[in-house]
Amino acid sequence: MWYVSTRGMAPRVNFEGALFSGYASDGGLFMPEELPQLGIETLHQWSALSYPSLVKELCTLFIGPELIPKEVLNDLIDRAFSRFRHREVVHLSRLRNGLNVLELWHGATYAFKDLSLCCTAQFLQYFLEKKEKHITVVVGTSGDTGSAAIESVQGAKNIDIIVLLPKGHCTKIQELQMTTVLRENVHVFGVEGNSDELDEPIKAVFADVAFVKKHNLMSLNSINWARVLVQMAHHFFAYFRCAPSLDTCPLPPVEVVVPTGAAGNLAAGCIAQKMGLPIRLVAAVNHNDIIHRTVQQGDFSLSAAIEPTLASAMDIQVPYNMERIFWLLSGSDSQGTRTLMEQFERTQSMSLPKELHSKLSGAMTSESMSDEAITWTMSRCWEENQYLLCPHSAVAVGYHYQQTDRQQPSFPRCCLAPASAAKFPEAVLAAGLTPETPAEILALELKETRCTPMRKGDDWTLMLRDTIESLGWQQRGHFLNAPK
């Protein structure tokens, strides 16, 4: 399996190359050169599989046994999911009036990113140990990515991780999940800015190709193909658990509602669709609605500013995985995708060509939810089911309530739940409900913290480069002092 850049100007790479690269050298994102097509027989076979088994089947298709032998791959995935709290790893809650909520948050940090990052970290360590190599991972986070990335690699001898978090823009619990990890290979910075602003120094550092190569830098944001690959399993699992029957031809559709920020889960769903999974996608966003405007009007342009919302992990202006979706739906048109994305980067505004917009609105619909709609949905779900939603999950469930209240005839529907309500007590209180906080989250309050400030007026890019340089010196010192 080969991977190509969405912008068509970078050499193609295998899975290992895509895993370690993040962005391609031409600024694009890696995508499979060809997508395997799954027939009805394969879907029938997969329909009885557990979530971990679906991940294994998908990874086998996209990685290849010449890179990771199948038995080894299966062991890595089992190891990745070994610390999840639920025996199924993910769990479908069937609630009143056809509401299906797929809980993706049973990992260590109570968020869906544990699923893909635990696997990605296992793949990284497999290749690093084979080559006796060290890398430095740089992550910008809007809330959950940072803690899940730290959890997946903390203590690893061949990986250092640097995380930039937006001070005051994620919840206290999200922040503590990052700042209380005092392992030697974990380095956390609190940035006086939002999640889009903290991406700028990261982009600047990664634009220096020689620097990236010298220090073996990589990113674990959802630009990384391995994360999108694992997230495809959400859609297959949702489909198989919610489809009424697989005995009809054609197979019945299922609507999958995806609360989305950077559009990684959405891109995963589009790829699953293209492979033959009969799902209809709904992109559910908060008030920061660039994806909603793109789907509805073809308007891929920045708003004047990010508006902080209760669904803070989705407070994103630049949903970079939309580039993967544009490329996929344009029939792998790299030149067209490059032109569109370069225009967007230059002007922060771009209108989709009519044909591409038509294909996008054919692949998915969308909805935008206000904070008022989020708290109303959380409150209603509790009243009807005694079930607490996090504000991001409420964005998806709010769409479900809209449709059922209008008594619209619809297919079976599954709402993806990306995080536990336990991480968002402020939003639970705003909905007039009582937070339920697990003991391990309460214990974070008592732990020592470590976080280096990046203040307004500081040169964030220089601070990041200096940190990477000093880690490089430390690694060279370890190498020189290692027993021969």
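Backbone N, Cα and C define each Cβ position, glycine as well.
Keep in mind that what you see is a predicted model, and the values were worked out from it rather than measured.
Positions annotated as domain 'Threonine synthase N-terminal' by TrEMBL: 3-81.
Annotation comment: TrEMBL describes 105-397 as domain 'Tryptophan synthase beta chain-like PALP'.
The N6-(pyridoxal phosphate)lysine feature in TrEMBL is assigned to K113. Within the same chain, residues at least 6 positions away in sequence whose Cβ sits under 8 Å from that of K113 (N6-(pyridoxal phosphate)lysine) are D144, T145, A148, A149, R227.
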Using DSSP, what is the helix/strand/coil residue split across the domain 'Threonine synthase N-terminal' (3-81)?
38 helix, 9 strand, 32 coil
I'm checking region-level scores; what's the whole-number mean pLDDT for the domain 'Threonine synthase N-terminal' (3-81)?
96
